[in-house]
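Student: Please read through the structure below; I'll follow up with questions.
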Amino acid sequence: TVFQGSSDVNMRAEQVSYGSEDLNELEVNGNWTPQEKALHEARLKAKAKRRLRKSSSRDSTRESLSDSVSGEPTADPHSPKGKTAVNDRKSRTGKGRGLPKKGGAGGKGVWGAAGMVYEVEELDANDPNYDESGDTVYATVVPELDERELEKTINPIVQEYFEHGDTKEVEMLLKELNLGHHKYEFSSLAVSLSLEGKASHRELTSRLLSDLSGKVLSESDMSRAFDKMLKELPDLILDTPEAPQMLGQFIARAIADHAIPMSFLDCYKGKVDCDHARAALDRASVLLSMKREIMRLDNVWGVGGGQRPVKHLIKEMNLLLKEYLVSGVLSEAERCLRDLEVPHFHHELVYEAVVMVLESTGDAALQMMVKLLKIFWKTGLITLDQMNRGFQRVYDELPEISLDVPHAHSIMETFVDLCYQEQVITKQLRDSCPTRGRKRFVSEGDGGLVKS
């Protein structure tokens, strides 16, 4: 029975290898075993795959046949000789149409197919920069500074301005910032910093507010800033006792420079309860009533430092020295010299001090001037260069001074020696002091002959 079953299977396999018509007849008969059915399904699937493969490669087969007919040998893509065109985009398996992928418009770093024209991109209504007029505007957005970052950003700008004094640079820096609704606080911060500084700093601040008015800051911003400072006077007076008077001068100068309107003072009449704010407003009102028709309040802070005329500086130094000779207070003389803020002009003080010694009578002025120059030298208020220039100017003018002061040379030698002993001047400067040789005569009976 075993041999008979195997022979039956062989016979049925031979019958399956016939045409499809015989298979259909056998299937109709219903005499298939499960093994025969599985084998039949596998053959049908393989046949369908062959038909699909044959239809897809029909074009490539025709091209290969035409190439073989023309007599051109085809290279094996898997052989070393067939790999000469490494960058060739054509298929190497003999399938496909042999054209580049996507017509040359695919892959990395590809701009697109030749002759491709890109259409104009349509505007998106959901774009945050969308403009209904049809033009989309792209602009750099600078975030607004908050209260914490505002002071950290403004303080360095104002401190640098006190050094260079260029209002245009400050204007450029402020335009790059987005101060937003905190713009008015720039004026209040600048004024607060100048209250703690020198008179020259307050003059620079008034000039800055005048130049920024109408360009970066409006009148309402200025008025709002001064209103805030009037309310903060009780706190400002703790660090600067003269804050009410100074703020009043700032307000008067701002009104004179047309940075804030004249009606600013009228808004506070009868409405101020704080004594400090009332003092500031009274100070501004007095200054404006005194100088409204005479001149603008350009000198409300005085002219600072090197901006003062030379004659004015010489007058101030002479007054300083005369007050010192009367009072003898060194600290007051030092303070007055520092307030002048002209370190490059201190040689004039040395010159005036030496000339005052030559023109004085007695040794009191000589001793006091040596003491004064010694203090200025030790504290570094007068540098070596300024000291040398002051003495050298006296050396050069000593012949003219001796016409009015006959004993100028002898007094000068005494003063220079004393200054050298107190280490005020150098040995080289002492040795360069000019001396006038004295003519020594013989006795009257020699006929006025000069002794050789």
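Yeah, the Cβs are placed from backbone N, Cα and C, and that goes for glycine too.
Note: TrEMBL annotation is automatic and uncurated.
When I checked TrEMBL for this same protein, it listed these features:
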COMPBIAS  45-55  compositional bias 'Basic residues'
COMPBIAS  56-65  compositional bias 'Basic and acidic residues'
DOMAIN    149-270  domain 'MI'
DOMAIN    312-435  domain 'MI'
REGION    1-106  region 'Disordered'
Student: Looking only at the domain 'MI' (149-270), how are its residues distributed among DSSP helix, strand and coil?
Tutor: 92 helix, 2 strand, 28 coil
Student: For the domain 'MI' (149-270), what is the mean per-residue pLDDT, to the nearest integer?
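Tutor: A mean pLDDT of 91 is what the model gives the domain 'MI' (149-270).
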Student: According to DSSP, how is the domain 'MI' (312-435) divided among helix, strand and coil residues?
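Tutor: Taking each residue of the domain 'MI' (312-435) in turn, the totals are 99 helix, 0 strand, 25 coil.
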